[in-house]
Amino acid sequence: MDIRPLEEHLGISFQQKALLKEAFTHSSYVNEHRKQRLSDNERLEFLGDAVLELAVSQYLYRNNKDMPEGEMTKLRAAIVCEPSLKNFAEELEFGKFLRLGKGEQQTGGRERPAILADAFEAFLGALYLDQGFDNVLDFLNIHVFPKLTTGAFSHAMDYKSQLQEFVQQHKDQKIEYRIIEEKGPSHNKEFVAEVVIQEKAAGIGTGRTKKEAEQRAAKNALDSINNS
């Protein structure tokens, strides 16, 4: 396996080339090439899983100083879950660099979510061993962490549902969301939303979409409630 195209694609040069090869080697390939005494990526995936969890935990702790532990746990789980890891790997085109057995390749292994997710974690494990934790953080700062500011994981932080649950504890209260302002050109709008409970403004938030603005308004309301 010539890993130079992979290194060029990633913009990263490995000192220990064998680690990068191993990160992209599936067990099905090893099983079909037993005489070569190759290693699959499962051990690196195990390591990468731990490295990713620590990196995400550190990022959330440092960049969300007012976020409670429970919310950080939910958000971290959304970032490190298989569907998210699969998406990261797809965006980086990891599938085309995988070493798969013929059977796995013929049955769509290059697009299989579990294989892509494992390869992403294995790559992080290899990067950690080759270049250290700081370089893993640099990689995630480019390819993963910016997604947190674009609402990619907003499904994990459904503040509207949390606020609705609170309001339902007081049966007579009515909750309503209003878009009170739209700013910017049509191709780059910013919306300002207000959440109203019992005809009283309870929170305000901004976002690139109406839904994002409403979620942030709900979070603002919840923060006010929790701090009162």
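Cβ atoms are placed via backbone N, Cα and C, with glycine included.
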Further binder of Mg(2+) named by Swiss-Prot next to Asp118, Glu121, taken from the candidates Glu45, Glu190, Glu194, Glu199: Glu45
Summary of DSSP states over the domain 'RNase III' (3-132), given as helix, strand and coil counts: 98 helix, 2 strand, 30 coil
Cβ-centroid neighbours of Mg(2+) site Glu45, Asp118, Glu121, 8 Å, sequence order: Asn41, Glu42, Leu44, Phe46, Gly48, Asp49, Leu85, Ala117, Ala119, Phe120, Ala122, Gly125
Other C-beta atoms that fall within 10 angstroms of the C-beta of Glu121 (active site): 26
Tertiary neighbours of Asp49 (active site) (same chain, Cβ under 8 Å, six or more apart): Val80, Glu121, Gly125
Other C-beta atoms that fall within 10 angstroms of the C-beta of Asp118 (Mg(2+) binding site): 27
The domain 'DRBM' (158-227) - residue tally per DSSP class, helix then strand then coil: 31 helix, 25 strand, 14 coil
